[in-house]
């Protein structure tokens, strides 16, 4: 096997093992640690730390440690979060959430840098186009990585399904599920559906072991970047300089189009935060039990992955406007359905249909928004995508931050309002582009940029 391809596979399977653990844990936080909102508070802190990390740490760590050891060290931050869940409290979970958040941005930046250098290296030896090889490497990576959400959630559901104390939830308890929840962390539903400590420890042990295997895989099998590639690594990390990139992030807000895209970018964080923080707790756990969360989130992840691939292909024929319209209609229908629906175990199919439709919408928000940034700000990609990460993370922080303070129906109205605002401002961006450009940028360029920049940090 060609050495660079071997390294791509090592990184891909390392991330698969790591995010199999993290993805499953993230879906369970609001249900496992519902007391005083500890679970969602940890996620809010995590994304706040991620914002700070993305601004300061990646260039420093990669420059000092190199890509390989930055990836290995950052993965250890994720393991710390898994360990913090063993004895979850404000004194263990919040600090480990900060550690994970600080490690998140260097992890993804080092991965992107490594794959880029590996692609250029192979292309130079084989006499091929560097961009084509890089696209292939990123395609291989995301093909393997995207399945992490399926495996992590499958492990959690299979583990919790072993519980012998699953009881039938009463109609009185079911009345507290859904949009008009009772805002109580100690309802009979939560207590009766909570798995035993032994099952929780078993699951956390599996997740921790998965993270440790990821680190070992990287340490033992990932090659360090050779000395003849040092100049390429240096160029990637130092052009532009750290401070110029940091300042450019905020200077980029002078661009009217960037300001108009802030609501759309934040909405991506809002809608993902709602699904993993509120839907899993007040609909799935409340009405079905915690052991169903994994199965429901598998449905979301599978549809999301398939639609991401599909929309990346068909966008060159449909254009982004039609796909944004599809996502808006679908997401709006889901929000209205969640406002009106009273979840009940007899309506089992609905629990899976809604996240499937949500996954379809999220696939558009992720692929097309990334692509839109790449097309609009082709000459300022560093600053543009720094803004993308900043505002999406802000959406996560806000969504998780108010999660325990407001009833679900209020959050749904907020979500709907932000969605409407996002479409208004997005329409303004398209109007500005149509007015100032003689022709729209090619969809092929958009697809390539979207593939290279679709970094779902967490």
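Placed from the backbone N, Cα and C atoms, the Cβ positions cover glycine too.
Of the candidate ranges 390-409, 410-429, TrEMBL annotates residues 410-429 with the feature transmembrane segment.
Between the transmembrane segment (199-222) and the stretches 94-117, 137-155, 289-311, 323-341, Cβ pairs under 8 Å are most numerous for 137-155. It is 289-311 that, among the stretches 39-57, 137-155, 289-311, 323-341, forms the most Cβ pairs under 8 Å with the transmembrane segment (347-365).
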